[in-house]
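First up is the structure itself, then whatever we jot down about it.
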């Protein structure tokens, strides 16, 4: 790889030229990394709902043409000025949010919301000089959440790159750079269920199942899955879910159903849908005195959370979380080690594998609600 250091690399990338239209495989030029940047060779990437959401461009600022993608794994090809903790050949996970290690958030043991590198979905350029590292015929192609992994090579700020165990299989651990870590950490780091406790998981997609996996790892004895789609229930058993509730089967609010099932409420709940009614139910279904509800899903911008203040006065706790409270550079390597030590199973999240040339099929699968994670193999 040393022959490419300092040179523009021409490679394949799946470019989103406009909202909702199939990605187009293009030859793009990828400039060398600048100060505090690294250029990565992406080996595996997967598709997350966030990619689809911004590809559809419903309700946010459309930024096109753009290279999407943010769940991935690869190898460092070269590093820019000032980069000291990464070197060519390192195995890494690029992450959509960062850890500069200098701001108040990064120095805090409680926060992972880096002031410098926190996710920015509107920015399509690099922080260093306000320019894109991607171009076609000299015209810029914009970045996505600082990662743009639907390209054979990409340039990322060093603070958004987690160096991992080189023995870890990149085609498995690539899913840890977004959704799976988000759900897992929501349980392990924020809800913190104790051994033998009860946990309700709202939404049994990939993030919700990762939250269930976290509850299972923590030793919860009852994990109640709540979803409007009963076809998800059988699969969820693999992730430790012991009981299921479909709100459509009841005439009363689901929080009342869960309270009756659990003698007053669950010890913990994790909400992964982003629907405001589910968020309220997730809070109101936890037990008074000690119950903790954790919100993961992102609601509609005009949604309003309404609950009676007595629900707080009766000592229920409501928390929110971002990326499972994991600091990308400090913590994600440890999550990879959980997988390597067989504490965490990733294979059951991976339901499809496709070659890079068929990336649009991955979008079709997600739009149909088929499967959890589709791994896209970049090599021919």
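In case you wondered, yes, glycine gets a Cβ from its N, Cα and C as well.
Just so it is clear, the model here is predicted, and its values are computed rather than measured.
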Looking at the Zn(2+) 1 binding annotation from Swiss-Prot, with 48, 50, 70 already listed, which candidate in 178, 272, 285, 334 is the matching residue?
178
Would you mind ranking the binding-site residues 106, 204, 206 by how many other Cβ atoms sit within 10 Å of each Cβ and giving me the lowest?
106
Taking the Cβ of residue 100 (Zn(2+) 2 binding site) as centre, how many other Cβ atoms lie within 10 Å?
19
Which residues does residue 103 (Zn(2+) 2 binding site) neighbour through Cβ under 8 Å, counting only same-chain ones at least six apart?
114, 115, 116
48, 296 as binding-site residues, winner by CB count within 10 A:
296
Do any residues at least six apart in sequence from residue 373 (NAD(+) binding site), in the same chain, have a Cβ closer than 8 Å to its Cβ, and if so which, in order?
46, 47, 71, 175, 179, 180, 206, 349, 350, 351, 352
Enumerate the residues of the same chain, 100, 103, 106, 114 excluded, that satisfy the criterion Cβ within 8 A of the mean position of the Cβ atoms of the recorded Zn(2+) 2 site; list them in sequence order.
98, 99, 101, 102, 104, 105, 107, 115, 116, 117, 159
